[in-house]
Amino acid sequence: MANYFNTLNLRQQLAQLGKCRFMARDEFADGASYLQGKKVVIVGCGAQGLNQGLNMRDSGLDISYALRKEAIAEKRASWRKATENGFKVGTYEELVPQADLVVNLTPDKQHSDVVRSVQPLMKDGAALGYSHGFNIVEVGEQIRKDITVVMVAPKCPGTEVREEYKRGFGVPTLIAVHPENDPKGEGMAIAKAWAAATGGHRAGVLESSFVAEVKSDLMGEQTILCGMLQAGSLLCFDKLVEEGTDPAYAEKLIQFGWETITEALKQGGITLMMDRLSNPAKLRAYALSEQLKEIMAPLFQKHMDDIISGEFSSGMMSDWANDDKNLLTWREETGKTAFETASQFDGKISEQEYFDKGVLMIAMVKAGVELAFETMVDSGIIEESAYYESLHELPLIANTIARKRLYEMNVVISDTAEYGNYLFSYACVPLLKEFMTTLQTGDLGKAVAEGAVDNAQLRDVNEAIRSHAIESVGHTLRGYMKDMKRIAVAG
């Protein structure tokens, strides 16, 4: 198999990278009806598998779970989750031949083995579904020509997919049809019905492509969503302790600071996040973010280049073949860092204190979000896709750090995201070492001193913040998400 994207000519690559259309709500007037009365078999019962299945069943669909024989015989976690929730469970051989739609929600590294097992069992004219297109785009999996291949990719962890559905809402979602596998022209109808069954149509759906979803998803998770948060956590903790801050206080300021800061980002974009600062602090955060963007731009561009070329995927798949040696080594090293092993401060940190004493963290968020967005757009990805893969998902990832630090983040995200996160953070930490020595009092751990502010400078900074392209597209897309619940848990 060959990387699918690399088999396309330049015109085809650009067309698929740039495929992105925000779908009108009336396009989902039929809800999940196209799949009602049909058999949907989900392979895998992890966070996405279970929670999408629960939503789809509650939307009136016939859902069952196909698991490996040994998972059933040994009553593994996937079997327990499916059976405890009242789902029919069977082997591939028992369930797949009757399925109208087989949804592959196993981890990326298992996709080829799963497809190799289920494809011969699928009936003529059935459909195969994914929630991430890595197997199709990067691995270049070849699917039988009579099979329709679709994708429904919720832009949230599986737990959020379920919680928002239970509230009568949903999470923003990308849908796509693989152009090489739509023999009956029904791919879009299947994808729309599946998205509606999960509740995604209530929060906004983008019609995308497998290529655009994969390339933007990889870029977001490697840089701002995971890599920047990990690098920032390690750098900021070490700096605070070096300056004499109690390690326990420093740990709490960072662990819960990302979440508190990005909750403002979720509600009102970079503009609201920056507006939570005093005027002198806002000017300083803006200046720091501009410095960070200049330093980190080549690193962001390298990650995008390696994603576009397939270099990243090739390296990661080589590590898969080597029993995840690099991934497991990096995971162990991260677990031994001073930030991960520090005790936690017992006292309370107020919400505003996280902003006032986290100016550098705010600058890192602003710089990382804007750089990820700009780099994706410069590579041909449409602004709406770039927004969802940068700013939108950041509060959700920050929330995992608030639960159990970097360990929890790396457990919750996919192995693909974790591998890319380590590549970025291992490069970013030394890259910013010299910058960290230039920090001033008030940048981190202490509030910026009050002082005179130049009105013209403040006016220009406010205009620069609000006029960035991500603020414009974000204002529009957040309009569809006003009902999403607040997720921050910091105390």
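Glycine is no exception: its Cβ is also placed from the backbone N, Cα and C atoms.
Feature annotation from Swiss-Prot assigns domain 'KARI N-terminal Rossmann' to 15-208. For CYS45, GLY46, ALA47, GLN48, ARG68, ARG76, SER78, ASP108, LYS109, GLN110, GLY158, the entry in Swiss-Prot reads NADP(+) binding site. Annotation source Swiss-Prot lists active site at HIS132. The domain 'KARI C-terminal knotted 1' feature in Swiss-Prot is assigned to 209-344; the stated evidence is sequence analysis. Under the heading Mg(2+) 2 binding site, Swiss-Prot lists ASP217, GLU389, GLU393. Summarising the annotation, Swiss-Prot assigns Mg(2+) 1 binding site to ASP217, GLU221. Annotation comment: Swiss-Prot describes 345-484 as domain 'KARI C-terminal knotted 2', evidence class sequence analysis. Annotated substrate binding site per Swiss-Prot: SER414, in sequence order, evidence recorded as sequence analysis.
Overlay of Swiss-Prot annotations on the structure.
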{"residue": "ALA47", "record": "NADP(+) binding site", "Cβ within 10 Å": "17"}
{"residue": "ARG68", "record": "NADP(+) binding site", "Cβ within 10 Å": "20"}
{"residue": "SER78", "record": "NADP(+) binding site", "Cβ within 10 Å": "21"}
{"residue": "LYS109", "record": "NADP(+) binding site", "Cβ within 10 Å": "20"}
{"residue": "HIS132", "record": "active site", "Cβ within 10 Å": "24"}
{"residue": "ASP217", "record": "Mg(2+) 2 binding site", "Cβ within 10 Å": "26"}
{"residue": "GLU221", "record": "Mg(2+) 1 binding site", "Cβ within 10 Å": "24"}
{"residue": "GLU389", "record": "Mg(2+) 2 binding site", "Cβ within 10 Å": "28"}
{"residue": "GLU393", "record": "Mg(2+) 2 binding site", "Cβ within 10 Å": "23"}
{"residue": "SER414", "record": "substrate binding site", "Cβ within 10 Å": "17"}
Legend entry - Mg(2+) 2 site, defined by ASP217, GLU389, GLU393: further same-chain residues with Cβ within 8 Å of the Cβ centre: LYS155, SER216, MET219, GLY220, GLU221, LEU225, TYR388, SER390, HIS392
Inset, instruction - Express in Å, rounded to the nearest integer, the largest CA to CA distance found among the NADP(+)-binding residues CYS45, GLY46, ALA47, GLN48, ARG68, ARG76, SER78, ASP108, LYS109, GLN110, GLY158 named in the record. - result: 21
Legend entry - Across the domain 'KARI N-terminal Rossmann' (15-208), average pLDDT on the 0 to 100 scale: 97
Inset, instruction - Given the binding-site residues GLY158, GLU393, SER414, state which is nearest to HIS132 (active site) when distance is taken between Cα atoms. - result: SER414
Inset, instruction - Have a look at the binding-site residues CYS45, ARG68, SER78, LYS109, GLU221 and say which one has the shortest Cα distance to GLU389 (Mg(2+) 2 binding site). - result: GLU221
Inset, instruction - For CYS45 (NADP(+) binding site), write down the residues of its own chain that are at least 6 apart in sequence and whose Cβ falls under 8 Å from its Cβ; none is a fine answer. - result: GLY53, TYR65, LEU67, ALA77, SER78, TRP79, LYS81, ALA82, LEU105
Legend entry - Distance [Cα-Cα, Å, rounded] between GLY158 (NADP(+) binding site) and GLU393 (Mg(2+) 2 binding site): 13
Legend entry - C-alpha spacing of ASP217 (Mg(2+) 2 binding site) relative to LYS109 (NADP(+) binding site), in angstrom: 16
Inset, instruction - Could you round the CA separation between GLU221 (Mg(2+) 1 binding site) and ALA47 (NADP(+) binding site) to a whole angstrom and send it over? - result: 18
Legend entry - Whole-number Å value for how far ARG68 (NADP(+) binding site) lies from SER414 (substrate binding site) (Cα to Cα): 20
Legend entry - Inter-residue Cα distance where the pair is ALA47 (NADP(+) binding site) and GLU393 (Mg(2+) 2 binding site), in Å: 17
Legend entry - Whole-number Å value for how far ASP217 (Mg(2+) 2 binding site) lies from ARG68 (NADP(+) binding site) (Cα to Cα): 28
Legend entry - ALA47 (NADP(+) binding site) to ASP217 (Mg(2+) 2 binding site) - Cα separation in whole Å: 18
